[in-house]
Amino acid sequence: MEASLLKKNQSIELTIEDLTHDGSGVGKIDGYPFFIPNTLPGEKVTAKIIKLNKNYGFARMENIETVSANRVEPPCAVYSKCGGCSLQHLSYDGQLEFKRNQVEETMKRIGKLNVEVPETLGMENPWRYRNKSQVPVGFVNGKLTAGFYQKRSHAIIDMSTCLIHNEQGDFAVQKTREILAKYGTEPYDEQTGKGDIRHIMTRFAHTTGQLMIVLVTTKERMPFKEEIVRDLVEQLELTSIVQNINPHKTNVIFGDRTKTLWGKDIIEDTIHGIRFAISARSFYQVNPLQTEVLYQQAIDAAELTGEETVIDAYCGIGSISLCLAKKAKHVYGVEIVDQAIQDARANAELNELANTTFETGKAEEVIPSWYKAGIVADVLVVDPPRKGCDEKLLETILAMKPKKVVYVSCNPGTLARDMKILTDGGYVAKKVQPVDMFPMTTHIEAVTVLHLN
């Protein structure tokens, strides 16, 4: 069939050749590509065209004529509707290979780099891994419910469990939902801006078993607040109940004010023997088992002897910094969020690690000022957001010339771009190691070390 004859709502037959970075299958008709969710390479499918652009189209899978050996039945009852997961229909071995291929292809296409990409480091059990849940509250069929948003919408799915949340947090969400419904709590309405409760959040500490519930409300006063807290304490094993007040008409989850309603202000967890105090709003990795794997890769790559000065750009609450401080002469950390820096200093004190300095600011501004003041890193660690490293920071790295740059990435595209700049500037990378921090989703973390040539 010629691509020029295609029309919306038409049924087409095609073979899926590849997966995109977001997990959709790609098949072509007369060289014209279609993106089709919930399909896998090698599958011959019938699909209905839902949108046609000049150079590509979108279709919805109607039937699979030839099924991939990697296809599995998704165990989640709401998988087809929910926006939380996107790869449950792909076997876990298939997911790990998909992520490895994504990294390898991105290194070649964007970075023009010929580096080794070993097998993705995955989980023995890729379920129930998330230590944090943030669940919107709303009305579904006239009753209060808490669940994830449907794909590409803000309609809430009424769900009894989430298979990637840890059991304790999952159970706590359901109990909290029941208690709120018991007292007739009114969910927040995004359209009108009315209602009392916006989100239920849970945080669970894997190593200590401590559990925090956060109620995100529209105002400080909330009907039956004391009774709700009493019931939560009676029915759940909790360390902390916190209220966050967000009065703004926005889809941002948190407001600026947080108060503890019961118990402690924080819960405590450990990574590689380092203790971390985690507040309601602290940034903390959501997969504790794989965080240990990811950080071990960074620790091994740094090859510290105790004599090195380390700079950790984008240090957050100091999670990588403090793991490295056990083996380094001194670690300097910088982070743009002031509360995270306060947390990092508190965590350094908690672990009696005096060989650390933390400063609030942009990495691309603070690190050049350190360099001018004579602070030169032997090892520089970057763990940037999805947009990658700022250009000015990369220029400073090339001027400072640390012996090693350890790069922890959550976006293979910007990792490849930044590696190209560093390798053009005299660094050499031999391999990029993918780590699966988020099974059942398309998110990819990777670690590499670049040596000064």
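Glycine too: its Cβ is placed from the backbone N, Cα and C atoms.
Taken from Swiss-Prot, the feature active site, nucleophile applies to Cys410. Counting only residues at least six positions away in the same chain, the Cβ atoms of Pro385, Arg386, His443, Ile444, Glu445 sit under 8 Å from the Cβ of Cys410 (active site, nucleophile). Secondary structure at Cys410 (active site, nucleophile), taken from DSSP and collapsed to helix, strand or coil, is coil.
Counting only residues at least six positions away in the same chain, the Cβ atoms of Cys76, Gly147, Phe148, Tyr149, Gln150, Lys151, Ile157, Met159 sit under 8 Å from the Cβ of Cys82 ([4Fe-4S] cluster binding site). Annotated [4Fe-4S] cluster binding site per Swiss-Prot: Cys76, Cys82, Cys85, Cys162, in sequence order, evidence recorded as similarity to another entry.
Swiss-Prot lists Gln285, Tyr314, Glu335, Asp383 with the feature S-adenosyl-L-methionine binding site. In the structure as shown, the Cβ atom of Asp383 (S-adenosyl-L-methionine binding site) sits within 10 Å of 22 other Cβ atoms.
Positions annotated as domain 'TRAM' by Swiss-Prot: 5-63.
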Cα distance (Å, whole number) from Cys85 ([4Fe-4S] cluster binding site) to Asp383 (S-adenosyl-L-methionine binding site):
24
Cys162 ([4Fe-4S] cluster binding site): which of the binding-site residues Gln285, Tyr314, Glu335 is the nearest Cα neighbour?
Gln285
Residues with Cβ closer than 8 Å to the Cβ of Gln285 (S-adenosyl-L-methionine binding site), same chain and 6+ apart in sequence?
Ile271, Thr291, Leu294, Ser319, Met437
From the centroid of the CB atoms of Cys76, Cys82, Cys85, Cys162, the recorded [4Fe-4S] cluster site, which same-chain residues not already listed sit within 8 A by their CB, in sequence order?
Val78, Tyr79, Gly84, Gln88, Phe148, Met159, Leu163, Ile164, Met440
Around the S-adenosyl-L-methionine site (Gln285, Tyr314, Glu335, Asp383), what further same-chain residues have their C-beta within 8 angstroms of the site's C-beta centre?
Phe283, Asp312, Cys315, Gly316, Ser319, Ile320, Pro384, Val408
